[in-house]
Structure formats: structure tokens, C-alpha cells
Amino acid sequence: NTIELIGVVIFNFCCFAYSIFEISQIKTSLLDGGIGFFDPASKAEDLLNSIQPLLITIVVAIGVSQILLSWLAYQLFQEFGWKIYKKIGADPNMKRMYRAYQIYLVLIKVDFFFFVGFSIQFIYLTLTRREEDPEYWITIMVLPLTILILYIAVYAVRHENRLWMATFLLAMVCGVVYFVYKVVRMYVGPKIQNYKGVNRFLTLFASLCLITILATIANAVVCYRNFGRGLRAHHARESRDTPNATSSVPDRVLEID
């Protein structure tokens, strides 16, 4: 999957950006959030100075791995392109539809990561007296619901089921409203204090969630419009051929007129 390969490179780059963001976040937590915890207060600065080299090492290590990963991804990208050509053929319309399908699957995986990641961080970083806060239970219920919705998304596109795809699109629109609500709550309302020290990071994560949701909606509409144009036959053939993936039978060669 060439699109997923690109997604891995982008994901590693996000980890690189996170490692940079982590330095300022830890500094804020120690110097501002540690008031009254460290005695004397200078111990917080001493601790920060001692871990600063480790934080910088993390940034350098991920940065170097990003360079290596990008080079390896480029080599695999060329190989995957040939594999897709043998599978789909030279029809430009079929290649375009298959590319949209690949992008869709990658976005579903990215959605899962950001949805679950944001929910877990939101629960443990911001919600105090959790059992008494209804938002705690709402966030908990969103997690299994998210998994179910994303499963529906994959089922709908592989079987070209218009009803389930429409259901998924409606759920994604609700997701947009949900994350906008979460971001607004960080800056407006009586619970602003709960987000002190983590509001910028959670805002970044929620913004990435919104971006991936909007991208998923746009791509889902494209896939929806491709229903009934022949791509489902390739999915069915792929499912039949999967058990024989380790067979010694050579690949079929496609002839081009």
C-alpha cells in the first residue's frame, strides 16, 4: 500500500514534531505546575537541567530515523508501484479509484490512532474527580463506539454498501462537532483551569483529529461515487487470492495492447 507507506513517513515526522513539543511541555510542567511540590523550588530547575540532554537526544534520534525511513520508503514506493500495476492493470480510471480506496483505508487507521489517543489523554490529563464528571463517562463510551464506526467504514467501502457508507459519513460529521466542542471547552467555561499546562498540546491533537476527519469525509465521498464502477470485483478477487499468497505459482503477466 503506497499510501500507507507515505502515512508511515508522515507519522514518524509527527513523532519528531512531538519530541520537540515535549521539551517545552515538560519545562512548563516542572517550573509552573511544580510550584509547591519541589522544596526548595530550585530543585525543579535542577531536574530540568539534568533531563534536558535526554530530551534533545530523543529529538536527534527521531530526526535521524526520519531521514533513513524516508529513503527506505522511496525504495519501497517504486516496488509497490509495480505490484499495483500488475494487480490493477493500466486502466487510468481503475488506478484512480484504487488509489482513492488506499487513501481511505490509511485515513481510517490514522483516525483510529488520533481518536483513541486524544480520548485517553483527555481523560487522564484533564478530568478531575472522574467518576463524578459525566464527561468522563461520555469520553469512555466514545472509545468502543469509535471502533465500531471505523469497522463499518471498512465494511461499507469493501462491499460498496451505500447505506452503511452514509451512516459512516453521518458519524464523521458528528465527530467534527464533538472535537470542536472539546476545543472550545478548553478556552471557554468553568473548567479552564483543568487544562492549564496541557491545553496547547490537546488543542494540537484535537486539530489533527479534525483534519483527519475532514480528509476522511472528503475521501469517503469520492469512494462513494466510485461504487458500482468495477472496483468491487478486484476486492473479491483479492479476498479469494489471499489464502494462496504463499503459493509458488508465478504471478500472472498482464498483456497491454
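Using the three backbone atoms N, Cα and C, a Cβ is placed for every residue, glycine included.
Database features, via TrEMBL:
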- 54-77: transmembrane segment (TRANSMEM)
- 89-223: domain 'DUF7789' (DOMAIN)
- 103-124: transmembrane segment (TRANSMEM)
- 136-156: transmembrane segment (TRANSMEM)
- 163-181: transmembrane segment (TRANSMEM)
- 201-224: transmembrane segment (TRANSMEM)
- 238-257: region 'Disordered' (REGION)
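Non-local neighbours of the transmembrane segment (163-181) in the same chain are 115, 118, 142, 149, 152-153, 155-157, 206, 209-210, 213-214, 216-217, 220-221, 223-224, 227; each lies 6+ residues outside the stretch with a CB under 8 Å from one of its CB atoms. Helix first, then strand, then coil: DSSP counts for the domain 'DUF7789' (89-223) stand at 119 helix, 0 strand, 16 coil.
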